[in-house]
Amino acid sequence: MFLQIVTSVLATGLLYALISVLQQNRTLSASLPPGPPGHWLFGNAPPKAFPYRHFAELTETYGPVFTLRFGRRIVCVIGRYQAAVDILMKHSAETSDRPRSVAANEIMSKGHRVLMTPAGERLKKYRRALHAFLQPSSSATYKPMQYKNAKNYVLDCLHDGGHHLDHGRKYAASVVMSVAYGKTTPTSYSDPEVLQINKSLARLGAALKPGAYLVDTYPILKYCPGYASHLRRYREEELALITKQANAVRELLAKGEAPPSFTAYLIENQERLGISDDELAYLSGAIFGAGSDTTAAALGIMTMAAACYPEAQARVQAQLDEVVGRDRAPTFEDEDLLPEVTAFVLEAYRWRPVSAGGFSHRATKDVVWNGYVIPAGAEIIGNHWAISRDPEVYPNPEDFKPARWLNEHGRVRNDLKFTNFGFGRRVCVGQHVADQSLFINTALVLWAFIISQDAQCPIDTYAFTDTANVHPLPFSLHFEPRVKDMEAMLGAQAE
């Protein structure tokens, strides 16, 4: 008798849940942006590979904003520039939250990863700390260090062009290790701590892929014994690494020997900032995680574009010859006189965006757009790949055309933007340091070399890793020096 009662109660509960799902689906479907049909209960199947490309195809079919369902999760994907402005910028206050990320944030990161921290006081605390060290005035102080490392990048390409992607990783690691931890000696892409941090980033990227872990759709799985135990192991390994780096700075501070760094700033202001030791370690690690991964990828994309579009490369070099000449190397002081360099960088950002699929936002209130309603609680993805191919904003989007960023006077346009650093209140606080890195490396490498493809091994410009931040797969380049006595002129030897 008891078993019959229990069975009846469970059956009734299940029936009620199914009816609730059906009613919710019918109610929301009337107001949501359109989208591909899915299973009545489980919704749409997550894409197996390169979700941003799949979503771009759906944009062509369903329009600037479309809706997907994963279980009870509602996901609205934006694939056009104006829709991104209307929803994620004009409604930034209502769309700056992050959806719950159980696998990547709660299990792997103890809830401390800035990228996935929900809107609220904790996020404000984290961003205040980051902004103090990465705002434009602070970022400008890193230019001498970035310039030194950019010269080494050029010399590395001169001596060993076959490993140009590794040299980009070395540059990025050296810069962010200096900013984050005050490390002044050269950092190699093969240093153990760099390899371990990059391994952690790869694990994070895998956990962030849509549909990677069922726990993100059914959070109760988090409490099942043994579920995703490898994610907990990853967390302990990463926390041990970033804590070790932070403690090394503590020891130097205690001796009065610590150079300026973000970690030193956090330690000296820890009580005022109200951050725990674990939060401090993750904040410092965020500098490396965000800066190293994205900068290395962007440098690879820049050289790929130069090789594949020699006419665009030649335009930059003509201006470099006119403004700088070949008797000295370009510097940051030349930036205002080199709009062709800036335009080349901006087009590289657009042509192959590093954060191709973007990171999910979450609506905290209903957002009305073009007669549709994105309901509170829905996830919103600004798909950078599709937005970068908006033909109304970027005509002939598959072409690499830096000239689109210049006005009739040859100056950089103020009326054309791209959202490669994110949207609204979630824009990347490290964008100024990143822009500085891309400008000076592009200026120096195109001043120093004519970059071309290997005729025996043409570049596949769509061959990228299937990760949260995409990287070009290995490709061959030829670096032909344009400048005599390059090493002497750069005033530095390869390190």
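Just so it is clear, glycine is given a Cβ too, placed from its N, Cα and C backbone atoms.
Within the set 2-22, 443-463, the record from Swiss-Prot flags 2-22 under the feature transmembrane segment. Asn198 (N-linked glycosylation site) carries a helical DSSP state (H, G or I).
Within 10 Å of the C-beta of Cys428 (heme binding site) there are 18 other C-beta atoms, taking all protein chains into account. Taking only the Cα positions, the spacing between Asn198 (N-linked glycosylation site) and Cys428 (heme binding site) is 19 angstrom.
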